[in-house]
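Copied over from TrEMBL, here are the features:
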- 17-76: domain 'V-ATPase proteolipid subunit C-like' (DOMAIN)
- 155-188: domain 'V-ATPase proteolipid subunit C-like' (DOMAIN)
- 12-35: transmembrane segment (TRANSMEM)
- 56-80: transmembrane segment (TRANSMEM)
- 92-116: transmembrane segment (TRANSMEM)
- 123-141: transmembrane segment (TRANSMEM)
- 163-188: transmembrane segment (TRANSMEM)
Amino acid sequence: MSSTFSGDETAPFFGFIGAAAALVFSCMGAAYGTAKSGVGVASMGVMRPELVMKSIVPVVMAGVLGIYGLIVAVIISTGINPKAKSYYLFDGYAHLSSGLACGLAGLAAGMAIGIVGDAGVRYYYYCYYYYYFFFCLHYHMCTCDGFEQHLWLYGANAQQPKLFVGMILILIFAEALALYGLIVGIILSSRAGQSRAD
């Protein structure tokens with residue numbers, strides 16, 4: 001078997017790690033973005049069910065991130081075939097950097113999409129009580145006068161529909177971060193096989 005192997009025997013290790021990193025990190029970002037924004041959609045759907053389909057956009061955009069990682073992982077894995085073509089450490093490092101570039105960019109984009117999507121569609125309220133005590137010491141007696149105040153805070157999209165367009169623009173620019181990683185990952189993976197002339 002060793003006679004049919006061409007190149008550095010440890011090089012495929014880095015290439016396969018790059019393929020795994022591209023898919024794993026991108027799916028981590030997609031999962032976080034989907035879960036974070038999905039919780040906001042579910043919370044908002046209780047009180048405003050008519051806005052559920054309108055607010056599902058962050059979930060869809062987060063799910064696309066996994067496709068970017070899948071594309072780069074497939075490109076890397078198909079380029080690792082030491083029996084057909086020599087595979088050197090240069091090629092393994094190129095594939096490793098390609099997978100990390102795409103995967104970590106997808107992870108960052110997924111975190112951004114999840115946080116923005118959750119804050120943009122969540123329908124929530126906070127109610128807190130503020131007690132003010134006034135103590136009057138007179139003839140060794142203490143009187144207490146208290147009152148309470150309520151503060152209600154509602155989600156952005158549920159309270160102000162005009163913020164929907166702004167939220168979509170923020171999500172688009174967050175999605176662009178993963179697209180940058182995909183482009184750089186493809187360019188880096190194309191550098192594999194150029195270390196020396198066979």
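Backbone N, Cα and C define each Cβ position, glycine as well.
When each of the listed stretches 12-35, 92-116, 163-188 is scored by C-beta pairs under 8 angstroms to the transmembrane segment (56-80), 12-35 comes out highest. Outside the transmembrane segment (12-35) by six or more residues, the chain places 58-59, 61-66, 68-70, 72-73, 76-77, 79-80, 82, 87, 89, 91-93, 95-100, 102-104, 106-114, 117, 178, 185, 192 with a CB less than 8 A from a CB of the stretch.
As a summary of secondary structure, the domain 'V-ATPase proteolipid subunit C-like' (155-188) carries 30 helix, 0 strand, 4 coil according to DSSP.
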